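Presented below is the structure to which this report refers.
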C-alpha cells in the first residue's frame, strides 16, 4: 500500500531529533533502553514499532496515542487524515473497530454526546451595579 509508505515518509520528514527523543520517551515502556539508543531517526522508530506489532498499515492507534500525548496535533492530523481517507474509518466508526485508541472508550460510547436543551444549566444574568 503506497499510501502507508507515503504517510510514514511524511511523518518522518516532520520529526526532528528533539521530537524523536520526546516520542521515544512517550513510549519508553515499549522500547528497552538499549534499543532506544539505537533509534536515531524517525524511520528507525517506525521500523521498531512495526517489528514489535505496534504499527502497521491497518492499525495506527498506537502512534495516534503517542502523537496525542506528545502534543503533536500536526502529526496526529496526518494519521487521522490517512485513516479517514485511505482506510475509510471515521471517528464515529472507530469506536466500533479494533482501531479504538482507548479500549475502555466503547463502554462510554453512548455517554459521549451533546447535552440536550433541558440538560444545559442556564446561568443567571450578572448583578446590576448600584
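Each residue, glycine too, has its Cβ placed from N, Cα and C.
What Swiss-Prot records as phosphoserine, among 25, 36, 90, is residue 90. Among the candidates 33, 116, the residue that Swiss-Prot annotates as phosphoserine is 116. What Swiss-Prot records as phosphoserine, among 43, 51, 104, is residue 104. Among the residue ranges 82-89, 122-129, the one that Swiss-Prot annotates as region 'Microtubule-binding' is 122-129.
Look at the domain 'DED' (3-81): DSSP puts its residues at 55 helix, 2 strand, 22 coil.
Broken down with DSSP, the region 'Microtubule-binding' (122-129) shows 0 helix, 0 strand, 8 coil.
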